[in-house]
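What follows is a short report on a single structure.
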Amino acid sequence: MTVLAPAWSPNSSLLLLLLLLSPCLRGTPDCYFSHSPISSNFKVKFRELTDHLLKDYPVTVAVNLQDEKHCKALWSLFLAQRWIEQLKTVAGSKMQTLLEDVNTEIHFVTSCTFQPLPECLRFVQTNISHLLKDTCTQLLALKPCIGKACQNFSRCLEVQCQPDSSTLLPPRSPIALEATELPEPRPRQLLLLLLLLLPLTLVLLAAAWGLRWQRARRRGELHPGVPLPSHP
């Protein structure tokens, strides 16, 4: 029995390479939005949730996100969406519905494959009402752009922190430099100061000696026979 080997030619290799490189088969980039995922009435959903909050639950927010254009807003929404999901697990049925309504407005961030959060990220405790207000602000910032002028957010997949302030020198104006930076005294400057003070010291000594001599002379005139001090 003869087994026929499949025909293979350079044209087959070229065809396979073209298929692998085809953008249609590779899919869209991560964090890509061809249309705006933000609804026109998202503020109403946030307002309803805020109005029904019986307790201002404590949450945390990142305070040192890098101020990267459009990325910072996306990062803030990504962190807020994690909190909304967590609050849904402990909320009552009515609150769960309101939380889910808000979650649908920011759930689009889950389509982005973000990298693990960096260790440099710092969080502070705040209340859920503050988080909702900030989230609404970030949606307002993204709405005019996302799905329109800006569609590909793949450069935002790595959450970045601001540089540590302890390693940076604060900016200082020339006026501030003139007001705060005084030159340190140097030995040469001290010597110059002593040379300037020396003539004044000699003048004062001479004046004191002359005054003393005049007083002694007057005493000699009043009491003859008392020797006067010799003048240098």
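A Cβ is built for glycine as well, from the same backbone N, Cα and C atoms used for every other residue.
The feature disulfide bond is assigned by Swiss-Prot to Cys31-Cys112 (among others). Under the three-state DSSP scheme, Cys112 (disulfide bond) falls in the coil class.
Taking Cβ-Cβ distances under 8 Å and a sequence separation of 6 or more, the neighbours of Cys156 (disulfide bond) in its chain are Cys31, Glu68, His70, Cys71, Leu74, Trp75, Cys112. Feature annotation from Swiss-Prot assigns disulfide bond to Cys71-Cys156 (among others).
In three-state terms derived from DSSP, Cys120 (disulfide bond) belongs to neither a helical nor a strand segment and is classed as coil. Within 10 Å of the C-beta atom of Cys120 (disulfide bond) sit 13 other C-beta atoms, taking all shown protein chains into account. Look at Swiss-Prot and you will find Cys120-Cys161 (among others) tagged as disulfide bond.
The number of other CB atoms found within 10 A of the CB of Asn127 (N-linked glycosylation site), across every protein chain shown, is 15. Feature annotation from Swiss-Prot assigns N-linked glycosylation site to Asn127 (among others).
Positions annotated as N-linked glycosylation site by Swiss-Prot: Asn152 (among others). Asn152 (N-linked glycosylation site) has a Cβ environment of 13 other Cβ atoms inside 10 Å.
Annotation comment: Swiss-Prot describes 1-26 as signal peptide.
Positions annotated as topological domain 'Cytoplasmic' by Swiss-Prot, on the basis of sequence analysis: 211-232.
Within the model, the topological domain 'Cytoplasmic' (211-232) carries an average pLDDT of 64.
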